[in-house]
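Scroll down for the structure; my scribbles are underneath it.
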Amino acid sequence: MLRSDAHALAVAPGPAAGAPVSAVAPARRLPPWPVLAVWAVLVVVVVALLSPAAGPQVRQATSAVGLTCGGLLAMATALRRARLSSPREARPWRWVVAGSGLMLVANTWSSVSGADPLSDSGLYVNVCIAVALVFSTLGIISFPGVRRRGSDLVVMALDGVVAGGALLLITSAVVYSELLSSDARSTGGTLNQALNLAFPALDVVLVTVAVMLALRARKGDRWRFGLIAAAYPLYAFSDLAFAVEAARGSFEFGTWLDLGWILGWLTLALAAVMPPPPPAPAEGSRRDVVRLTDVVGTSIVFGALAVATAVQVLAGGTGRLQTLQSVLWVAVVVAAGARQLVLTLDNHALRRGLERRVAEQTADLRRLARQNEVLVTSVGDGVYGVDHEGRVTFVNPSASHLLGWSTEELIGRRAHEFFHAPDDEGAPYPWAGCYVHEAIVHGDLATAEEDEYLRADGSRFPVEITASPLVDDGNVRGAVVTFRDVTQRREVDRMKNEFLSVVSHELRTPLTSIRGSLGLLGGGRMGDLPPKALTLVNVALQSSERLTRLINDLLDIERMESGTKPMELHPTDVRPLLESAADQIEGMAGQAGVRVVVGRAEGRAMVDEDRMIQTLLNLLGNAIKFSERGGEVRLDAHVDGPEVHLRVSDDGRGIPAEKLESVFERFQQVDSSDTRQKGGTGLGLTISRGIVEKHGGRIWAESELGVGTTVHVTLPAAARLSSGAETPPGPSDAATVLICDDDATVVEQFCALLRLHGFRAVGVTDGERALELVRSERPRAVVLDLMMPGTTGAEVLRALRAEEETHDVPVVVISGMGPEADREAAQATTEWLVKPVSETRLVNAVSLAVAGRVAERVGSAVAAGASAGDRSPASPAAPAAGTVLLVEDDEELAEVLGATLADAGLTVQHAASVSGAVALGPEVRPDVLVLDMRLPDGTGEDVVAAFTRRWPLARTPLVVYSAVDLDRTRRDGLTLGPTVFLTKGETTPESLRDQVLSLVRAVTTAPRRTTT
């Protein structure tokens, strides 16, 4: 007779809680699907072969093969799992392998020898089976699981007593009555009889331990432990049925009764290869187990007790068995009662603990709410919240104080309508442009650095605001707004700006005096100086220039950082910018023996012309200083997608790679000796970077030692004027100049240059349109290209001269040929410029035409034989006769400037105040007015306003020479005749003299010469 006991094959799940995850190699673990397939196939085959239709021999052979194959499969998977497991998990697997081996040996011996387990011949088999059951029990107990503590451990133990006792009661009624009644038939000894009586009890212990194993498993382990626990009812059923049938003497091997043993082997093998669950925190696992024990455990325990009661009532024992059953009943009932008592006490303790935790958490929430309330109420900034309609839901005390309303008065009001101050014209602030609207509707963080709120008394105060969306579960429920009164900051900014203005004036003015005086001494104005004295004068002159540059650079940086010098961006062609910078740096380049070359210059960019030219001058100046005599500095630009890319390149010594970033920092140069040897303040590149970044561009350097350096600048590109389009005009109150050229690029360049000098420039690219605009706009001058398709410039010129309304409009011709090529046209023009035309010549010619003080036309000059190569009127070398009214309150500087201008042959009249200038103006009727902006009794604007009201003075050319940096608005209001803006400290007295001479000659020289 063969006998199988699957208790020896209890299989553990994957790594238990606390075991190292790396102890099991997932890549080497056998997947469960092959085992599941084998399990299903074997079950089908065994069921088919054990059917009554098969013969006895077939059925017995099927049982033998099924038991052997199932046992070997379960043992092999258990052995493999033990080898792959951690030391802690391998221990129960070793017990399992040992029990499985004993069980296979017992089954094999029983099959070969045919020993009867109820007789002495089956003693060896029974001993092996008993030891295998003990090993299996030890293995199950050794499996790692969630450790129980306190009441959980007591309840689990009592559950084991109740479940085990109930199973023993069932077993006693069903099995032991048969075993005890068969004692007379047994031929075995006492030990063998004891073992046969012990087997059902051992089965009950194994089932109970298996149930406890499942109950103490964490959530991820329940599936595999459930497979292990599910196998034991099968084993118990087959074992108990075997015991009853063997006691009756009717047991036959090869029936469906054997399925319990075979399915047990296969089910445990399947559990052995189940993948391990993901690791979980021990505390979380314990909570899962507690829930399982409370619900499922109670159902299992009392379900078993109910079944035991029913079995006992229907088939109770007699004699000694009844006495033992009664004792067992008492133990089970006491254990069940104790279990419920422990659970009741534990639940009471849990309830009290839960109530305590709820009370603690409630207190914590109150403290947190109070803390948040204190934080919001203590912050110095105003904070208020609004709902999705913009109505105020909460306000902190700071907001109430700043607004002058109580909290109750603010709650429920629409913040947008109640807080915002109207604009200067009284119009309400638009809701669509409000930062709160942006935060609520779009869910974006919105800020406003310049806004005004209304107080309860109607007064305004400036605020800085941040609005953040109030998001709850992914939905915007409203917004939280913080605002700060920046009145004091605005006042500090105002005081700082005023300080900068004062410093600018009080430093630049005396430095200009010092620079001018030293220039006069060095130039021999006071007679020839001894060589040593001349050397000292030159040293002082260079030092004053260096100090002036340092002050200018520091003021520039401070203005950029404080925002007091904003950029005025306009779409501008880059070629005139590059050419203007190259023209202005030509003097420095000539002294250094370096040639400046303007290469390809394409594209239009959004720039502030003045600031970008300043940047280019800084870059060109650096390139020239670090170039060898005879070297070349190249300046070019091209369009690169949405940007215009400018480059300033030299062939100097280069910059080390580690210095390429630091040279853009303050007071940083390639070498510490450069400050002395090359001059400069170390701030030029810092200023350039600030200007470029405010344009929205980038600046960086590339260099190779011994080869040269290239500084790159990118600027946002602007749209190019299409053919036939008109350029937008400049200020409406300035002198209007019409530019007509078939090349749209040239039109844009000339318009930009003239606007830079205070004119209202209108550009067209078509002759017919030019005639229409002359009739409608009545420009003060026309700049005309003769060679145009369609209506040519010559035809436009003849049409203008033929009409009574336009015959006296001054016309400046720009042509690739000289005036001798078209003498008829030359007779009808005011000025004739030969391409290429520089900025200075264009501005001078237009200024002359607008001033309307030309004695003879170009044609007269041609007839007189003037050539294109004659001396330019802008040259300071030629003496000029003219009168200059110098308005300057600083007597020392006025003396220096007066001497400098007088040396050029000019008559200088000085006024130290607004009243003095207004009084001298009509009397002197100056050819040029040189004007300071800060005067004792007013400003330069007052002088310009007074001159504008007097017709003889309203067209006087103006040179604004002040330490004050003027923005575009103030410049537009300072235009008389042709106007030039110069800054003290940045412009030397000699440069001022040259500008004055240029304007004087433009309005006094006759006849005019053609310039090229």
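Note: Cβ is positioned from N, Cα and C throughout, glycine not excepted.
Unlike curated records, TrEMBL annotations are generated automatically.
According to TrEMBL, the features are:
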TRANSMEM  36-55  transmembrane segment
TRANSMEM  61-80  transmembrane segment
TRANSMEM  92-110  transmembrane segment
TRANSMEM  122-141  transmembrane segment
TRANSMEM  153-177  transmembrane segment
TRANSMEM  197-215  transmembrane segment
TRANSMEM  253-274  transmembrane segment
TRANSMEM  295-315  transmembrane segment
TRANSMEM  327-345  transmembrane segment
DOMAIN    375-425  domain 'PAS'
DOMAIN    447-498  domain 'PAC'
DOMAIN    502-719  domain 'Histidine kinase'
DOMAIN    736-850  domain 'Response regulatory'
MOD_RES   Asp785  4-aspartylphosphate
DOMAIN    883-999  domain 'Response regulatory'
MOD_RES   Asp932  4-aspartylphosphate
- Could you tally the C-beta atoms, other than its own, that fall within 10 angstroms of the C-beta of Asp785 (4-aspartylphosphate)? 23
- Translate the DSSP assignment of Asp785 (4-aspartylphosphate) into the three-state scheme. strand
- Task: Could you tell me whether the transmembrane segment (253-274) and the transmembrane segment (61-80) have 3+ CB pairs under 8 A, leaving out pairs under 6 positions apart?
- Result: yes
- Query: What's the CA to CA span in angstrom from Asp785 (4-aspartylphosphate) over to Asp932 (4-aspartylphosphate)?
  - Reply: 38
- If you count the other CB atoms within 10 A of the CB of Asp932 (4-aspartylphosphate), including all protein chains displayed, you should get 27
- Using DSSP and three states only, what is Asp932 (4-aspartylphosphate)? coil
